[in-house]
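Some notes on the structure that comes next.
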Amino acid sequence: MARNGLCLPGNAPAFRATLVLSLLLLLQPIRAGHDYHDALRKSILFFEGQRSGKLPHDQRLKWRGDSALHDGSTAGVDLTGGYYDAGDNVKFGFPMAFTTTLLAWSIIDFGRVMGTEQRNAVKALRWGTDYLLKATAVPGVVFVQVGDPYSDHNCWERPEDMDTRRTVYKIDHNNPGSDVAGETAAALAAASIVFRSRDPAYSRLLLNRAVKVFEFADTHRGAYSSSLKNAVCPFYCDVNGFQDELLWGAAWLHKASRRRQYREYIVRNEVILRAGDTINEFGWDNKHAGINILISKEVLMGKSDYFESFKQNADGFICSVLPGLAHTQVQYSPGGLIFKPGGSNMQHVTSLSFLLLTYSNYLSHANKNVPCGMTSASRPSSNKLAKRQVDYILGDNPLRMSYMVGYGPRYPQRIHHRGSSLPSVQAHPARIGCKAGSRYFLSPNPNPNKLVGAVVGGPNSSDAFPDSRPYFQESEPTTYINAPLVGLLSYFAAHY
Ligand SMILES: *[C@@H]1O[C@H](CO)[C@@H](O)[C@H](O)[C@H]1NC(C)=O
């Protein structure tokens, strides 16, 4: 139900920051510290609430049960497992792969400082990669979605009772999808780095699969929205094109495999695939800023002089996000939150903040700053902006509420999430049918099941938040809001 608002053109007109105000808010004294470690633990726990399939014995979020145990059967394959993307019960492969890539990146860059949460983060990642391995088990095919979104969104049902159509959607050489296949290759390659020392055999399996999926993505080029049409649009429509996912997949394969072919691919295709486009965005549809930050690390570490232009693009990204500069292209709410129109704004907040922080760390290792025209944006200011965004999420905002369920004294009570808003299968074992759930959707009461760690779409551009289920753009959590937040919280837990 939630995705339609997100399908904005990638190069929607850029918005000017409310410069002075956001700069003032950015420089406000830091409030009494947050318990970042508590927030980190919760941000990972959230993924257990989004699990599809048979739940393991060590499942900690107890109100959920097994669900969708026959996914894939209509196509003669096993597609059980994986994650529901948000507050519905569809398994959308494109955002699931992006979520998996970002969880892996969070662990690669910040796993060392996660402490006791590292194990849980790796489990959350593996829940994603186990599914992506199933979805790519048939050569030349990627199963990219399970669940008819119209049938699903027509009901307000617990995943455990689901009786909507679990249609299986795939791409192949006749119906290509370089976007979703490229992102899936990126996820598998990134995860192979995480498992390299933890589980070498699994890591090799992931990397080999990533190589094959990327080859398929690159050989049979096209957008999955053109192949699958209204099965994926307007939900997770590829508006931004598939070129970025090809570069993104190659960048992760380069990092994971160190094979020369991927370096050459990146250099050869940098201009053709438009590496420097729409630099101030990063999300499930648009990878441009992420590509440039990821590849710049090598330039900054002195490992490669092939990629200098990516570093320039990455600098351009920083200058476009930091408020108060001549280059600023990102809008801020009066309370200081990054704001992009289109709904589920927190996805932009966490993913852009993640890039601000990672790049700041890469710069810091190289002892470099970012030139932004006449001014130079210092490393500390991008680090501080990322922290400011995280602190806003955790409660330093005009409403003095946390946007993470279960964190702090005030947080969203009526999130747009079927499982959380309906009585649990333990409390109410009898089935609740498609339309029987409507009265829970419309109820003014708080949700009975706490989806601990869920971060919702968040306030509107004037920092107002309705805390109401029907306002899905504000009250729905998604997996790709949390995936980069895991990395951010790990860093701030370790450093503050
Ligand atoms: C944000 O929501 C509040 C409360 O519903 C409303 O008064 C305000 O106009 C909204 N702001 C924008 C920019 O839509």
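Glycine is no exception: its Cβ is also placed from the backbone N, Cα and C atoms.
Database features (TrEMBL):
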ACT_SITE  HIS416  active site
ACT_SITE  ASP467  active site
ACT_SITE  GLU476  active site
DOMAIN    36-489  domain 'Glycoside hydrolase family 9'
SIGNAL    1-32  signal peptide
Lowest local Cβ density (other Cβ within 10 Å) among active-site residues: ASP467, GLU476: ASP467
All-chain count of other Cβ atoms within 10 Å of HIS416 (active site): 26
Whole-number Å value for how far GLU476 (active site) lies from HIS416 (active site) (Cα to Cα): 5
ASP467 (active site) and GLU476 (active site), distance between Cα atoms, whole Å: 10
